[in-house]
Amino acid sequence: MMSPKPIGDDRGSANFRHTPLQIIHVIGNFLRIWSVYSMYRYLIQTGSSVGLFIFCCLLPSSLLFLAMQKPWKGRPLSNQQVVPSIINGVITALYFSMWGKGLKSCGPVRTILAEYAGAVLGVLSAALYGQGKHLWKKVGGLVAMMLSFYLLSRGWAMGTHSPFDILGCSKLNLKLRSKENLDAEAHPEEILGMKDMIVPIIAGILSALRRVIARRVSLKNQLKRRLHAITITSATCFLFPVAMWDFITGSTSDSTSQLPFSAWAFGSFILFGVILVFYVDSIAEERLHMVFSSPRHLMVAGGCMIILEIFYQMDFSLPGYLLCCIILGFGIYEATALERSKKGTQHFDSSEEMLDDMKSPLPS
């Protein structure tokens, strides 16, 4: 008679099977964040319009998505699927616009970390669906997240403004920044107020909302990809008048009269920042059960940003940055916490899945 396998062996084998997918997830996020840094340096050095840059990247991305997914082929899509996807395109266009403006004004570290503000949906779900027992935990998580964003806005992750400079913790980083890099840096990051962080924070909430809507429209992977092609195409159409307005108004000024071409800045954001990240996040959700607004995802993105901050010799304070990430990760964990003992094997990794599970189907 065969004895059953220990539970630990099953978990170990499952983790081993997921190791290649985890490596793909880390590499995909690194490439995506690398494209964000390239975009930031391009916008700062050239002074180009954010709306025009985003549109010029979304246009070929939408064509590639349409060519790969071919939403017009296969099983016909219903109005209950197409209409919410088009509406989701409006949200996506608004997200990219606010995210780009936040990137140009706040820098990559603040903007990327502000994307995890979508975890506030956990507090919203607790308030709307009567989870009063856990509401105080979620509010505490929200306070921790706001504290992290406040410290980021005050420059705690920057070598020239971090209070850890008093202890000499950032002197090594200041030596790494060469004189040529300091002279060439046209727009160094500065201390901001919370009002300046509102734009990237709202962009993070919109990003989480568009992912929730995409999951509510379809749970099937192939259908979700077809609908995503419609969403990106819709976002491109809605961004067209914004880009044209920036082009017309920018033609009267000297700083934005042209949109200089940079193959790496445009190509990396198209391939890694729009296309690859969608498939990588889909793999993480479907196979690794890891969604964007989760502490595990924050750990991956946080490690990638440390490498790129050092690589680009940015104004960076490692102790202050780690403190902000730890506070933000704790806030996300508390804001997305559920009574797991009652859920049993059903586990929600973030507020996006929580809100997605509790909501009623979207109206057509």
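Cβ atoms are placed via backbone N, Cα and C, with glycine included.
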Range annotated as transmembrane segment - as stated in TrEMBL, picked from 21-40, 81-100: 81-100
The transmembrane segment (139-157) and the transmembrane segment (320-338) contact flag, 3+ Cβ pairs under 8 angstroms: yes
Surrounding residues of the transmembrane segment (197-214) on its own chain - C-beta under 8 Å, 6+ positions past either end: 84-85, 87-88, 91-92, 94-95, 98-99, 101-103, 105-106, 110-111, 114-121, 149-150, 152-153, 224, 227-228, 231, 291-293, 351-352, 355-356, 359, 362
Any contact, the transmembrane segment (226-244) to the transmembrane segment (320-338), with at least 3 Cβ pairs under 8 A: no
Dominant neighbour of the transmembrane segment (320-338) in 50-69, 264-284, 296-314, by Cβ pairs under 8 Å: 296-314
Intrachain residues whose Cβ lies under 8 Å of the transmembrane segment (50-69), provided they are six or more past its termini: 39, 42-43, 96-97, 100-101, 103-104, 225-226, 228-229, 232-233, 235-236, 239-240, 242-243, 245-247, 250, 259, 266, 269-270, 273-275
